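Engineer: Reproduced below are the annotations present in TrEMBL:
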type: TRANSMEM; residues: 12-38; note: transmembrane segment
type: TRANSMEM; residues: 50-67; note: transmembrane segment
type: TRANSMEM; residues: 73-95; note: transmembrane segment
type: TRANSMEM; residues: 107-129; note: transmembrane segment
type: TRANSMEM; residues: 135-159; note: transmembrane segment
type: TRANSMEM; residues: 166-186; note: transmembrane segment
type: TRANSMEM; residues: 192-215; note: transmembrane segment
Amino acid sequence: MAFLNMEQHTWAFTFGILGNIISLMVFLSPLPTFYRVYRKKSTEGFQSTPYLVTLFSCLLWMYYAFLKSGSELLLTINGVGCVIETLYIAMYLVYAPKSARFLTAKLFIGLDVGLFGIIALVTMLASAGTLRVQVVGWICVAVALGVFAAPLSIIRLVIRTKSVEFMPFSLSFFLVLSAVVWFAYGALKKDIFVAVPNVLGFVFGIAQMALYMAYRNKKPATVVLVHEEMKLPEHVKEVGAGGAKPQGGAPTEGRISCGAEVHPIIDVLPAAGAVDEEAAAAADEDVIRDDHNMLRPEQPAIIKPDVAIVVQA
């Protein structure tokens, strides 16, 4: 029996070390983002909320590890996480615009200082021993479930846009791996407050990986404009002096080509006394000559819309 307990303790320690390594990689995953912030001296619209919430979660788990004996591995990784997240927030405050800096400072004071301080003070004064551990443990579970449920908005965005741009596979993979390792650690240590939230983390992580595999080769929905070529027949309109045929018989021709554009018809008014009766009668009969020299009455051209909107999935 003692051998089994020793073996169980060894496996719990092993999974705890693995959990520390994987969680450290997750904590360090935003490094490229903050390197770009440092290089460009701008946050470029990035939000500070994830780092503030992660810091709040790490503070709670550190407090829980202080209260419960045998939780040194929880204490180490969450202590490192608090340092890393604080550095992220400090860099954000340096390079963020004034409005975002002010909002981040308010959230930091309200959440990471105010709310955590209230939880610590109330649990220290209103409870003791095992009850205090349980109260803090359930608070940690509630916060962890909220953090694990946060990717639901990303999942909805992926389904709507059919794009995995906002959900990198590597992050989802390491979150699943971290959930599996910490669940095993909690189960071996018989700590339900560690094991329970990681079940939900595993489920959401698997869902994200499945969505990535489903949509990784699909093009995002875009709107494509398809142009129809508008072809109108080429017309030849006789234009004489004052808009009439000369009496000599051979018309003076001016070609008006109607391709993809419409030319307005401009009536040229003759000078007073320059039009005789025959020319005035010819001006009333406006005819259109086609390319085969066939005469037909002018008909209004019917122009169809030249743009069709097609949504490409």
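Using the three backbone atoms N, Cα and C, a Cβ is placed for every residue, glycine included.
Could you place the listed features in the three-dimensional structure?
Structural biologist: With a cut-off of 8 Å between Cβ atoms, the residues of this chain six or more beyond the transmembrane segment (12-38) that come close are 44, 46, 51, 54, 73-74, 76-77, 80-81, 84-85, 88, 91-92, 95, 170-171, 174-175, 177-178, 181-182, 184-185, 188-189.
A Cβ distance under 8 Å defines the sequence-distant neighbours of the transmembrane segment (73-95), meaning residues of its chain 6+ beyond its ends; these are 13, 16-17, 19-20, 23-24, 27-28, 30, 34, 37-38, 41-43, 46, 48, 51-52, 54-55, 58-59, 61-62, 64-66, 101, 104-105, 108, 185, 194.
Tertiary proximity for the transmembrane segment (135-159) is limited to same-chain residues at least six positions away from its ends with a CB under 8 Å from its CB atoms, namely 50, 53-54, 56-57, 60-61, 63-64, 67-68, 119, 123, 127, 166-167, 192-193, 196-198, 200-201, 204, 207-208, 211-212, 215.
Cβ atoms under 8 Å from those of the transmembrane segment (166-186) belong to residues 11-12, 15-16, 18-19, 22-23, 25-26, 29, 73, 151, 154-155, 157-158, 192-196, 198-199, 201-202, 204-206, 208-209, 211-212, 216 of the same chain, restricted to positions at least 6 beyond its ends.
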Engineer: Are there residues at least 6 beyond the ends of the transmembrane segment (50-67) whose Cβ is under 8 Å from a Cβ of it, and what are they?
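Structural biologist: Residues 27, 30, 74-75, 78-79, 81-82, 85-86, 88-89, 92, 104, 107-108, 111-112, 115-116, 119-120, 132-133, 136-137, 139-140, 143-144, 147, 150, 193 contact the transmembrane segment (50-67) from elsewhere in the chain.
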Engineer: Which residues of the same chain, at least 6 past either end of the transmembrane segment (107-129), have a Cβ under 8 Å from a Cβ in it?
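Structural biologist: Those are 48-49, 52-53, 55-56, 59-60, 63, 89, 135-136, 139, in sequence order.
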